[in-house]
Each structure stands twice: as C-alpha cells, then as structure tokens.
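Accompanying notes for the structure given below.
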Amino acid sequence: MCLISRALIICDVTLVVDKVGHAMNNAPIPFSLHVADDDIADLKARLARTRFPDQAPGDAWQFGTDVTYLRDLVDYWRDGFDWRAQEAALNAFPQFEVGLHGIRLHYLHIEGDGPAPMPLLLLHGWPGSVFEFLEIIPRLTDPARFGGDPRDAFTVVVPSLPGYGLSFSPNQPRFDVPAMADCVFDLMRDVLGYARFGVQGGDWGAAVASRLAYARAEAIIGVHVNLLSAVSRDPAAYPNPTDDERRYLEELARWTQEEGGYIAIQGTRPQSLAFGLTDSPAGLAAWIVEKFQAWSDCGGEPERAISRDRMLADIALYWFTGSINASFWPYYGRLHGAVILPPGDTISVPAAHAAFPREMIRPPRSAAERVFTDLRQWTVMPKGGHFAALEQPELLADDVRTFFGTLR
C-alpha cells in the first residue's frame, strides 16, 4: 500500500483528497475529504458580497426564504460556521470511492458491531447528502452502545447518490432513478460482495430503494422508506378511491399547486436554475434552506428541527462540489419517462413505512398497499418531518431495527 494524494478539480473548486491504495480494476480507494483553504476563503468573499432582495409583503416565509433569516444565516456561514468541524465529523467514518458506471462513486462503509450484522444500504435524497446520516449510523451499527441488542446490528453502506456531492464531477453522465438504482446495486453486489441486503431511504433515496425492491427483488431482504415515492400520484390510479385516498389526492393537488414549483423548474429547466445556484452561495442557501423550513417538523423555525451547523454542512457540500445542477436530474428524469415501476406493477419484497407527521406527501396505507403487496410495518410517528434521519435519528433507527429484526 502506498500513500497517494490527488487533487480533484470540481467546478473550479479544488478538493484535496488523501487516499491509501491503488485504483486498479475499480477497487475501492479509502477517501478523506479536505477542502482547500483557498476555496473556503473564496466562499467567504462571495458571502460578503451578497446582494439581498427586498422582503415581499406578507408572512416571512410565505413566498420563499425569509430575507431576515437568510441575512443572519449568511453572516454566520461567513464568520461563525466551522467547516473543518463538519469535515472532521464526516471523516470520522470510513469512506471510499470506486469507479462505477462512468463516475467515481463516493460512499461510507461502516462494519456493524454484533454477532451477525445485516448489510444495510442507506440512501439520502434532495436536498440532502451523506451528512443526513451521521447521527443515525452509530445507532444502526452499534445498537448496544445505545442500550439495544447487538444482534440487531447492521453493516451500513451510505453512498453519495450519483451526481450528488462527492459522487459528482463535471461532465459526468447524468442519473435518473433507475440508473441510480443500478449503480448502487452494483456497488453492493459487485464491489462489496453482498448477495442480499436491506435498504432504507427517504426522498429520492426512497425512490431508489423502491426501484431496487422492484427491479432487484431477489437481492433485497426488505425495504424501509420514510417517503412513499412509489405510490401513484395520478388520480387515474384510483378509479374507486377510499375516503382516505380521496383526501390524499385533494391534499396532493393543493401541495402541488402551492409547494411544487421547484419540481417544475428542476424537472424542465435545471440548467438555467443552476447558473445562479452555482455562482452564488447565498442563492444556493436560500434555495435549500427553504426546504428545511417547509418540510421539517419545526413550527416555522428550521433550527428547531435541524441544527444550523448541520444545515450549512449540507449546503456547503453542494457548494464545494458544484453538484447542484446534477442533483436536479432525477426530477428531469421523472418528468420525462423514468419510472420507479410501471403503472399497475407491484413490489413484493417485505416493506415498511415510517409515517412522520410533517412529511410533505402522505398517502394512506390503502394506497401504499396497492403497490407494496407485503407491507408488514406501518409506524405512525409522534413527531418529525421529511428529513427523518436528521430530525429524529433515534425514532428512525428504532423503526428500522424493529422491521429488519423480523427478517433476520
């Protein structure tokens, strides 16, 4: 083994990466993240030059991100936020990258501490990243540390989804949900050697997890999701809806009209949007933090649900990697024919859903059972929103352990 240092140029951002080993035959290479000091200085200089818009009349967050809140967040990002501490938190976990499907795929791989850890693939979504899982990973890999049973331990694999964060470089292929599923499946089977494994995800991670459960059913022990991405949003799929399904479709129509604008622009003109968000860190923060505020169980104050530092770690990772444009691609794919499963098809592997009360889209169980024919667990959570692993890592970890405990 030899020590190799390589500089990755990503959208004019230099990431200094320490590696041990050789990248031969797509073998995994240990990875440690260190953003160059010059790039941190450039970020702070851009933040200092931010030109803010005026605040629209009405409630502070009614039309998007509150200007007063963002001014304070930008000041903190420039003068108070410690990126190096967040970097160290990520680097505390074993990380690797490997060549797959035309990209360098980044992932965390943490061995479980128990007699027979089950391999578990954890999948983030948008606007998330691997930072979502830093609090939940120890609860899954070492349950005894938190008062649990070591027999419930998992060996956890957490990829940066293709096109996201550290799995992005300029001009690489774009990935929709089926392509993402194929890529992470090959990571688990061909690179890491797991013939069968469990999978958990939220947001696009839930879509990829559901795709795996559909297309690679023989390899999936069980699928646990905290967003029911595979459940149809088309009223035509419910010719004789139940009362709960009718309410779901009505709520979905209201949500789409008032909250779904980001889907339309990210799914039709992602390139145009990317210019502003790739050039302005304040613009990027405004675009992402509005989702933390709107989708979390925060009572209108995002930091009641997710710490300011962890929100900024996530936003900064998009900034330093320049990956926001590629991260939009699943939206484009969904609006242009990429599906989790064909209409009318079903998923037969054992499934579970953690229903958090402030999730943005909440189909009823009857709608879920139209797709998941072996839906074994449906947990109505007392609190939490869309970013379950960030907001309620203990509740989510307990639910994951309970479900997969029946499948060992």
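The backbone N, Cα and C atoms fix where each Cβ goes, and this holds for glycine too.
All annotation found in TrEMBL is predicted automatically rather than curated by experts.
Per TrEMBL, these features apply:
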- D203: active site, nucleophile (ACT_SITE)
- Y331: active site, proton donor (ACT_SITE)
- H386: active site, proton acceptor (ACT_SITE)
- 30-133: domain 'Epoxide hydrolase N-terminal' (DOMAIN)
Neighbouring C-beta atoms (10 Å sphere around the C-beta of D203 (active site, nucleophile)): 27
Integer Cα-Cα distance in angstrom, the residue listed as 'active site, nucleophile' to the residue listed as 'active site, proton acceptor': 8
The residue listed as 'active site, proton acceptor' CB neighbourhood, other CB atoms within 10 A: 24
Summary of DSSP states over the domain 'Epoxide hydrolase N-terminal' (30-133), given as helix, strand and coil counts: 38 helix, 25 strand, 41 coil
Stretch-averaged pLDDT - the domain 'Epoxide hydrolase N-terminal' (30-133): 98
DSSP three-state assignment for the residue listed as 'active site, nucleophile': coil
Sequence-distant neighbours of the residue listed as 'active site, proton donor' in its chain (C-beta under 8 A, six or more apart): W126, I263, Q266, G267, P270
